[in-house]
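Some features that Swiss-Prot has for this protein:
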BINDING   Arg34, Glu94, Arg134, Lys440  (6S)-5-formyl-5,6,7,8-tetrahydrofolate binding site
BINDING   Asn239, Thr258, Ile260, Thr263  K(+) binding site
BINDING   239-244, 258-264, 283-286, 348-350  GTP binding site
BINDING   Ser243, Thr264  Mg(2+) binding site
DOMAIN    229-367  domain 'TrmE-type G'
Amino acid sequence: MPPAPLENSPGASASDTIFALSSGAPPAGVAVVRISGPMAGVAIDRLTGSRPRPAARRASLRALTNPDGGALLDRALLLWLPGPGTATGEDMAELHLHGGRAVTAAVLAALGRLPGLRPATAGEFTRRAFETGRIDLNEAEALADLLAAETEAQRRNAMLLAGGALSRALEDWQHRVLSLAARLEAQLDFSDEEDVAPLDPGFAAELAALDAEVVRWRGRLPVERLRDGVRVVLAGPPNAGKSTLLNALAGREAAIVTPIAGTTRDLIEAPVALGGIPFLLTDTAGLHEGTGDAVEAIGIDRAGQAIAAADIVLWLGDPGCAPAGSVRIGAQADRRTHDSAAHDLLVSARSGTGMDDLVALLLDRAAGLLPGEGEAALSARQRAALDRLGEALALAREEGDPILVAEGLRLARAAIDALTGRAGTEDMLDGLFGRFCIGK
């Protein structure tokens, strides 16, 4: 059966040789063009004329010429990378060009005229790595997160998963589940249908140990807080200094500040990185009773919803009215007198008083909401599949009937396959690899 056409490129096939600019848009000091597929070696032969192909995995300076006429295109560093030990698992080549627009365009155009070559679609190099088994779905997702990472915490988490932290555990679990299933099948095969021997204690102990490891992974924190930021809501009555404090934390004028009460009527969000950790700061409408303004009433209602969904609430108001668990801030400390004993912090966004202490407090609170050193946060997809794996192992452990134990182990294998992407749907894969840029 021929390879299926690719979703984003009508008529294209997964057996084509693909190429793309994989470095930043020119002009630049160097432009890197990647080629992957069965014709990668032929492509560099055509661009370099009759010269012998470079030694594998050694950079070689070569003149690149247009196959149609022989005009010199550039003098470039060329890398020949025969598969399968490459990023995509296929034959690959890299051209390190002078990074001008005209040079890059000329080389890409020359490649496009070679038979069997076509431009890559978004994420196609990574998809080929997945389809050849060089990476699994978790590593592909982590690579997408790494490319999107804007903070140190996001980078660290992506690197843990891209480095195979979860994938290694899954490979081990799959081996152990298969081993247990094989032992069980052998016992069933060599037993009379009406006289199946009970499972031996060693079998149950191995199953329990596996379940305990899965339980630990199921307890990992969600990655969404790392991706979207720790939600910090600034709340309190009108004119309490919420917008001024948000602007100071964000380092920009994200919210309008005036002496007029009720200036902020809707939620104003400002993403910010503090100490390498992502936060999502939210300014809210001033809370008070008896407003006759319908628009302001909607803003107050939304403020209440934001407070309920917050990870951290900074309360700028009467300490006695502070929501449970909130940080009581005595704001505008350069102009107002506060009872320091009733507040957690006294700050002034204008003078900077207490701002370092506030940032330190936010980082301390965030540390309890984010994964610890060496622990990876997991996506909703990963957590759901781990839950299914845990349920399957629970079935296998609770049922004394070997037939039902075998069914639990079968469901466990299916859950592991879903985690690694062996049982992924095309729509889900298309959505993932569409997050990548062309050339990755």
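Just so it is clear, glycine is given a Cβ too, placed from its N, Cα and C backbone atoms.
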Among Arg34, Arg134, Lys440, the most crowded of the binding-site residues [Cβ within 10 Å]: Arg34
Per DSSP, three-state class assigned to Arg134 ((6S)-5-formyl-5,6,7,8-tetrahydrofolate binding site): coil
Rounded Cα separation (Å) that holds between Ser243 (Mg(2+) binding site) and Arg34 ((6S)-5-formyl-5,6,7,8-tetrahydrofolate binding site): 48
For the binding-site residues Asn239, Ser243, Ala285, Ala349, the one whose C-beta sees the most other C-beta atoms within 10 angstroms: Ala285
Asn239 (K(+) binding site) and Ala349 (GTP binding site), distance between Cα atoms, whole Å: 14
Top Cα neighbour of Glu94 ((6S)-5-formyl-5,6,7,8-tetrahydrofolate binding site) in the set of binding-site residues Asn239, Lys242, Ala285: Lys242
C-alpha spacing of Asn239 (K(+) binding site) relative to Ala285 (GTP binding site), in angstrom: 10
Three-state composition of the domain 'TrmE-type G' (229-367), taking helix and strand from DSSP: 44 helix, 30 strand, 65 coil
Listed binding-site residues (Glu94, Lys242), ranked by Cβ neighbours within 10 Å, top entry: Lys242
Pairwise C-alpha maximum, in angstrom, for the residues (Arg34, Glu94, Arg134, Lys440) that bind (6S)-5-formyl-5,6,7,8-tetrahydrofolate according to the record: 19
Residue among binding-site residues Arg34, Arg134, Lys440 with Cα closest to the Cα of Asn239 (K(+) binding site): Lys440
Distance, Lys242 (GTP binding site) to Arg34 ((6S)-5-formyl-5,6,7,8-tetrahydrofolate binding site) (CA atoms, angstrom): 50
Local backbone state of Lys440 ((6S)-5-formyl-5,6,7,8-tetrahydrofolate binding site), from DSSP in three classes: coil
Rounded to the nearest Å - Cα separation of Lys440 ((6S)-5-formyl-5,6,7,8-tetrahydrofolate binding site) and Lys242 (GTP binding site): 43
